[in-house]
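These notes are about the structure you will find just below.
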Amino acid sequence: MSFAGMLNRLHGQPESYDKKSKYKFGRTLGAGTYGVVREADGPSGKVAIKIILKKNVKGNEKMVYAELDMLQRLTHPHIVKFVDWFESRDKFYIVTQLATGGELFDRICDQGKFTEVDASQTIRQIMTAVDYLHDNDVVHRDLKPENLLYVTRDPDSDLVLADFGITKTLDIKEETLTTMAGSFGYAAPEVMEQKGHGKPVDMWSMGVITYTLLCGYSPFRSENLRDLLRECTAAPVPFHERYWKDVSQDAKDFILVLLVPEPEKRWTSKEALGHIWLSGKNATDHNLLPELEAYRRRARLRRVIEIVKLQNRIAKLKEHEEDPSESDMGDAQGASDNHKGDGSRLHALGLFAVREAKQKQESLQVEEELEKESRRRSFSNA
């Protein structure tokens, strides 16, 4: 045992804590209820390290060990790679591949052109990852554009599925999960109704992602749970002529077999991979970028609000650290640096920033209302 290791044992640190010295921590990439995600330099290059406060998962430590076990078993070109893990007296550290190529929609909007053919091949990549998970009885439960990342800035970079924080491994193939999980607007009806759910929830989310990728807006516009549930279960999926006239019928059919309210009637990942649209044969060469750019503008304004929330989460997490002098929680500066132009101005996160963020959120709501009204008029005239 090294001298440093002996000192760590004397200070009550677990044996694996020695690994921490291999990493130099950098900017904060995000924060949640249980901890933060930091960029770091390691022996094999840059990585992402998820830091979880043990105090925040007390009594639910098995949740962390389950995530670790699952990540170590998953090996797929379109799933973020597990690197290592270690722990301290008060924290767990999960080290994974760092995807630096940007989120799905940001990367697409930086291109000169993005067609329906490109969209079908993008969705195919993600669907192969979902199919791999389902073959291994794993349900992701939080599929959304923000969790779809490019590994590098290279034009031919792989797209990977990330964030397995609420993913569940089924004990038996047909096990039913009952906890609320997922993100508003992407969660399946059975999740919102708390009826019990399984693999079909991922297929619903894939339907929402595909729809948004093809037109730049969500198929469901409600802003509260009750209205959203009604919209998902009682109303037909809308394909507004103005935005969908240049999109193939195959693409619409693909979406419709995924956005089926009854989970038992929803297509599986295997069936979806066999759909003709994912072959790209009948997909059009219509450029989707104008609609997607509008989506990105709305997303950027939402990020301004998220940076304020991020700083508040980090502050709360720091309060729970046993040794604040050796904090690993970082700050929100790094996250704002990831989105220069829309978030970097808020690094101080003072009262002015909060006020500015609220004003931008209000402006966004006004813009969306005007957009909805414009669509209603155009739809009625279609």
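Glycine is treated like the rest: Cβ placed from N, Cα and C.
Remember, predicted model here, so these are calculated numbers, not experimental data.
Record features, source Swiss-Prot:
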DOMAIN    23-278  domain 'Protein kinase'
BINDING   Leu29, Gly30, Ala31, Gly32, Thr33, Tyr34, Gly35, Val36, Val37, Lys50  ATP binding site
ACT_SITE  Asp142  active site, proton acceptor
REGION    291-301  region 'Calmodulin-binding'
REGION    318-344  region 'Disordered'
REGION    359-382  region 'Disordered'
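Taking the Cβ of Leu29 (ATP binding site) as centre and 10 Å as the limit, one finds 20 other Cβ atoms among all the protein chains shown. Taking CA atoms as the reference points, Gly35 (ATP binding site) and Asp142 (active site, proton acceptor) are 18 Å apart. Across the structure, Leu29 (ATP binding site) and Asp142 (active site, proton acceptor) place their CA atoms 18 angstrom apart. Counting only residues at least six positions away in the same chain, the Cβ atoms of Thr28, Leu29, Gly30, Ala31, Ala48, Ile49, Lys50, Ile51 sit under 8 Å from the Cβ of Val37 (ATP binding site). Under the DSSP three-state reduction, Gly35 (ATP binding site) is assigned to strand. Applying an 8 A CB threshold to same-chain residues 6+ apart, the list for Asp142 (active site, proton acceptor) reads Asp163, Gly165, Ile166, Thr167, Ala181, Gly182, Ser183, Tyr186, Ser205. Here the Cβ of Gly35 (ATP binding site) has 28 other Cβ atoms within 10 Å, regardless of which shown protein chain they belong to.
Summarising model confidence by region, the region 'Calmodulin-binding' (291-301) averages a pLDDT of 66.
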